Amino acid sequence: MGLTTPAWNINNTVVNGSNNTEHFSCVSKFNTLNFLTVIIAMFGLAGNAIVLWLLAFHLPRNAFSVYVCNLACADFLQLCTQILGSLECFLQLNRRHTFFLTVVFMFAYLAGLCMIAAISVERSLSVMWPIWYHCQRPRHTSSIMCALLWAFCLLLNFLLGEGCGLLFSDPKYYFCITCALITTALIILLTVVPSVSSLALLVKMICGSHRIPVTRFYVTIALTLVVFIFLGLPFGIYSSFLIMFKEFQSIFSYHVLEVTIFLSCVNSCANPIIYFLVGSIRQHRLQWQSLKLLLQRAMQDTPEEDSGERVPSQRSGELESV
C-alpha cells in the first residue's frame with residue numbers, strides 16, 4: 001500500500017528517455033521548496049525558542065501560559081523534524097530514518113493542535129462560567145492536561161507508525177486504515193471544537209447582556225486558530241486521506257503534499273510572530289519594546305483602560321504554581 005511518507009524522501013529510480021527532463025524538473029522543484037522550508041524553519045526555531053525561554057524563566061506562570069509554552073515546544077519539535085527531513089533529502093540518508101521523522105512530525109503536529117484546542121476551550125470556560133472557573137477549578141489543571149495530551153498524541157502516533165510500517169514492523173493494512181481514520185477524526189474534532197468555542201465566546205462578547213471586553217489574549221488565540229485552519233489543517237487532512245485512499249496518490253500530484261508540509265512549517269513559524277505582534281499593538285498603533293513585555297501583553301487576559309495598560313490580573317496567575 002502507498003504510505004504518506006513526507007516529501008523528504010525522493011525516489012532515486014533512473015528514468016529513461018523523455019522522462020529524464022521531467023524527473024530532473026521535479027527534483028529541482030522539490031529541492032527548492034525544501035530549501036525555503038529550511039530557511040523559514042530556522043527563523044521559526046529562533047522565534048519559538050525565544051517564546052519558550054521567556055515563558056519558562058522570565059514571565060509569571062498562569063493557566064494559559066502553560067498551554068502556550070507547550071504549544072511553542074510542539075512547534076519547535078515540528079520545525080526540527082522538518083529541517084532534519086529536508087537535510088535527509090539533500091544527503092539521501094537512510095529511508096528508515098525518514099519514516100521515523102514522519103512519526104515524530106505527526107506527533108508534534110497533533111500535540112500542537114491539541115494545545116490550541118485546550119487553550120481555546122479553557123478560555124471559553126473562564127468567560128462562560130467565571131465563578132466555577134476561578135473557584136472550583138483544580139490547581140495544576142493545565143500542567144496535568146498538557147501531560148495527558150502529550151501522552152495521548154505519543155500513543156496514537158506510535159500505533160499509527162506501527163500499523164503503517166513506519167517504525168519497527170511491516171505494514172498492517174486494516175490497522176493502518178483504522179489509525180488513519182481515528183487521526184483524521186481527531187484532527188477535524190480538534191479544529192471544530194475550538195472554532196465553535198471561540199465563535200460562541202465572540203457572540204457573548206458582542207451580543208451578550210453583559211458585554212465582555214475583548215482582551216489581547218483572546219485576539220492572540222483567535223489569530224492562532226485562524227492561521228492554523230488556513231496553513232496547518234491542509235497537511236493533516238491531506239496526509240490522512242493519502243493513507244486511507246490510494247486514489248489520492250494518482251489523482252493529486254505528490255507536490256501537493258510537499259506544499260501542505262511547507263504551509264505547516266509556515267504555521268509553526270507564525271505563532272511567535274502573532275504573540276509579539278499582538279503585544280506590540282497599543283492604542284491602535286505599533287509600539288515595539290522588549291520581547292518580554294510584548295509577550296506579556298499578548299498573554300494579558302484583562303481588558304485595557306483608555307488611558308493605558310492595566311497590570312495583568314494575578315488571579316489567573318495563582319491557578320498554577322511556579
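Using N, Cα and C of the backbone, Cβ positions are placed for all residues, glycine too.
Now, the feature entries from Swiss-Prot:
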CARBOHYD  Asn11  N-linked glycosylation site
CARBOHYD  Asn16  N-linked glycosylation site
CARBOHYD  Asn19  N-linked glycosylation site
REGION    302-322  region 'Disordered'
TOPO_DOM  1-34  topological domain 'Extracellular'
TOPO_DOM  92-98  topological domain 'Extracellular'
TOPO_DOM  169-172  topological domain 'Extracellular'
TOPO_DOM  238-260  topological domain 'Extracellular'
TRANSMEM  35-55  transmembrane segment
TRANSMEM  71-91  transmembrane segment
TRANSMEM  99-119  transmembrane segment
TRANSMEM  148-168  transmembrane segment
TRANSMEM  173-193  transmembrane segment
TRANSMEM  217-237  transmembrane segment
TRANSMEM  261-281  transmembrane segment
Tally of residues which DSSP labels helix, strand or coil - the topological domain 'Extracellular' (169-172): 0 helix, 0 strand, 4 coil
Contact check, the transmembrane segment (35-55) vs the transmembrane segment (261-281), 3+ Cβ pairs under 8 Å, seq sep 6+: yes
Positions whose Cβ lies under 8 angstroms from the transmembrane segment (99-119), at least six residues beyond its ends: 4-6, 8, 64, 67-68, 70-71, 74-75, 77-78, 81-82, 84-85, 88, 142, 145-146, 149-150, 152-154, 156-158, 160-161, 165-167, 183, 186-187, 190-191, 193-194, 221, 224-225, 228, 232, 235-236, 239, 264, 268
PLDDT averaged over every residue in the topological domain 'Extracellular' (1-34): 47
Same-chain residue ranges lying at least 6 outside the transmembrane segment (173-193) that approach it to Cβ under 8 Å: 1, 3, 106, 110, 113-114, 116-117, 120-121, 156, 159-160, 163-165, 228-229, 233, 236-237, 240-241, 243-244
